[in-house]
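Novice: Before I ask anything, here is the structure I am working with.
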Amino acid sequence: MSKFIFVTGGVVSGLGKGITAASLGRLLKCRGLKIASQKLDPYMNVDPGTMSPFQHGEVFVTEDGAETDLDLGHYERFIDENLTKYSNLTSGRVYWNVLNKERNGDYLGQTVQIIPHVTNEIKDFILKNAEVSGCDVSIVEIGGTIGDIESQPFLEAIRQLSLEVGRRNCLFIHVCLVPYISGSDEFKSKPTQHSVKELMAVGIHPDIIVARCDKEIPADIRKKISLFCNVSEDCVINNTTCKSLYEVPLMLHAQNMDDVVCRDLGLEKPTDYRALADWSQMVETIHGRQGEIQIALVGKYVKLHDSYLSIVESLNHASFVIGKNVKIKWVDSDSVTDESAGSIFSDCSGIILPGGFGQRGIEGMIAACRYARTHNIPYFGICLGMQISVIEFARDVLGLKNANSREFDELCENPVIDLMKDQEGVILGGTMRLGSYPCKVTDGTIMKRAYGSDLIEERHRHRYEFNNDYREQMSAAGLVISGKSPDDKIVETVELPQGEGKGKHKFFIGVQFHPEFKSRPNNAGKLFVEFLKASAL
Ligand code: GLN
């Protein structure tokens with residue numbers, strides 16, 4: 001049977017609960033345990049798929065095509081296990097399921113209530129994820145902050161579950177902010193005390209308190225937290241701001257957090273020090289990077305950096321491989337024009353154009369792509385970034401001045417990017433090509449060199465595609481189709497021949513998929529590595 005670790009947050013949101021949960025997952029994996037992760041989000045959207053990136057950051061896509069919370073990306077990157085549609089549950093989904101059952105008559109005339117019907121739905125989902133993953137330990141993070149009205153059914157559900165599976169099989173970790181007041185040089189434990197009190201009011205007593213602070217919290221304050229919150233002294237763990245996120249597992253391990261967790265859960269699994277050494281080695285590589293290159297990230301959601309979290313992390317992973325730091329220049333696509341591009345990109349070694357939806361900022365993206373192509377600056381277009389490169393090529397190389405995507409111009413005369421036939425007429429929400437799909441790679445291309453394989457798989461999240469009516473024209477004009485679906489029907493990647501001379505480019509590629517979702521700190525996404533290598537030249 002699986003054991004369960006529930007991670008809650010106190011005092012403020014955005015504390016790094018996800019990183020704490022993911023780091024603990026990595027440490028337990030280093031003990032040979034099979035880990036599953038799950039995030040329970042109290043908001044009412046059925047999934048984050050239709051939410052603006054400004055609201056909630058990036059939507060992370062799993063292999064099986066679920067659109068999920070960005071914390072799942074952290075779990076995958078730290079624990080290196082592919083997650084599934086059972087890894088993310090929102091209040092919206094819970095109520096949706098309960099109401100469908102009610103309409104179906106499944107409750108046999110009972111009054112449908114938060115307890116037990118909503119809480120049962122939540123518990124079933126937690127148990128289901130543990131069951132389908134076959135894990136030893138399931139780490140379940142509850143979104144939001146203790147005290148929120150909307151998270152109450154989730155807290156009630158985990159309280160009930162701990163009783164059902166036995167207290168010995170469950171562990172509650174509460175991640176709290178400990179403010180530091182610089183004027184008086186004091187660390188304050190009171191908010192943590194209050195937050196624990198709130199948690200206890202719903203019947204949950206934390207076993208471990210992870211105290212989050214920019215600085216290391218001194219022993220006397222941790223002792224105070226232990227005394228006032230009624231947890232053992234070795235169960236108050238410092239979570240200090242680190243230079244790199246990937247240091248966090250080592251920081252937690254240095255305080256014996258994984259020992260404490262295993263002890264309390266009755267798991268006798270010693271650390272495999274070779275596995276942990278691999279992680280430490282990676283962190284050393286991170287610290288050993290020398291020099292810096294600046295990459296422009298051009299998008300419409302750049303005000304909230306979390307909107308591009310997996311791309312940023314993938315660039316970091318690739319920077320570990322090339323041994324140079326990467327600095328991102330955040331460029332709002334609305335600010336780019338043919339006139340401004342020169343000054344915006346003059347200090348950038350490469351331009352990356354990530355995914356996006358809707359018309360705003362499109363012409364700026366096209367201008368950025370045009371600048372990269374005509375000034376021989378490495379260009380990496382992802383999803384929308386690939387579609388932009390096709391539009392730009394059609395307009396400027398083929399001379400189809402009105403080329404566009406059907407997404408931005410319904411009556412477009414040259415829709416070089418268009419809806420896939422079997423997707424016409426579909427409505428927003430759950431209607432996209434989602435999840436992992438195979439892609440056949442053409443010999444002698446950047447794709448082939450990067451992946452070193454004839455067939456690869458990457459994850460998708462989009463509605464529109466390269467319009468096959470323009471395949472011949474584009475190819476004849478020098479755009480290389482370097483990746484296609486195995487049945488040749490869908491163009492997945494386009495590039496310019498690499499090299500020097502007319503029609504050639506240092507590095508220019510557009511991919512319809514999202515390689516950022518599969519990049520790992522110890523196994524960087526191949527195209528990100530090639531892109532940075534070319535940019536560092
Ligand atoms: N808006 C485009 C589409 O739906 C691109 C999507 C994306 O970049 N993820 O096809």
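The backbone N, Cα and C atoms fix where each Cβ goes, and this holds for glycine too.
Since we're looking at a predicted model, the values are computed, not measured.
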Novice: Determine which of LYS39, LYS223, LYS224 appears in TrEMBL for the same CTP site as SER13, ASP148, ILE149, GLU150, LYS188, SER189, LYS190, PRO191, THR192, GLN193.
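Specialist: Answer, per TrEMBL (CTP site with SER13, ASP148, ILE149, GLU150, LYS188, SER189, LYS190, PRO191, THR192, GLN193), from LYS39, LYS223, LYS224: LYS224.
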Novice: The L-glutamine site in TrEMBL includes GLY356, LEU384, GLY385, MET386, GLN387, GLU407. Which of ARG461, ARG463, ARG471 is also listed there?
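Specialist: Of the residues offered, the record points to ARG463.
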Novice: Looking at TrEMBL, which one out of ASP69, ASP71, ASP80 binds ATP in the same site as GLY14, LEU15, GLY16, LYS17, GLY18, ILE19?
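Specialist: Site partner of GLY14, LEU15, GLY16, LYS17, GLY18, ILE19 for ATP, according to TrEMBL: ASP71.
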Novice: Can you tell me the CA-to-CA distance separating SER13 (UTP binding site) and CYS383 (active site, nucleophile), as a whole number of Å?
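Specialist: So the alpha carbons of SER13 (UTP binding site) and CYS383 (active site, nucleophile) sit roughly 31 Å from each other.
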Novice: Cα within 10 Å of LEU15 (ATP binding site) is the criterion; apply it to the recorded positions LYS188, THR192, GLN193, LYS224, CYS383, HIS514 and give the hits in sequence order.
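Specialist: Close recorded positions: none.
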Novice: Measure from the Cα of GLN193 (UTP binding site) to the Cα of every one of the recorded positions GLY14, GLY18, ILE19, ASP71, CYS383, then give the nearest.
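Specialist: Nearest in space to GLN193 (UTP binding site), counting only the recorded positions, is GLY14.
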Novice: Over all shown protein chains, what is the count of other CB atoms within 10 A of the CB belonging to GLY14 (ATP binding site)?
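Specialist: Around the Cβ of GLY14 (ATP binding site), 11 other Cβ atoms lie within 10 Å.
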Novice: To the nearest whole angstrom, what is the C-alpha distance linking ILE19 (ATP binding site) and GLU516 (active site)?
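Specialist: ILE19 (ATP binding site) and GLU516 (active site) have their Cα atoms 18 Å apart.
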Novice: Please report the DSSP secondary structure of SER13 (UTP binding site), reduced to three states.
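Specialist: Reduced to three states, the DSSP call for SER13 (UTP binding site) is coil.
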Novice: In this predicted model, what is the average pLDDT of the domain 'Glutamine amidotransferase' (304-533)?
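Specialist: Mean pLDDT for the domain 'Glutamine amidotransferase' (304-533): 93.
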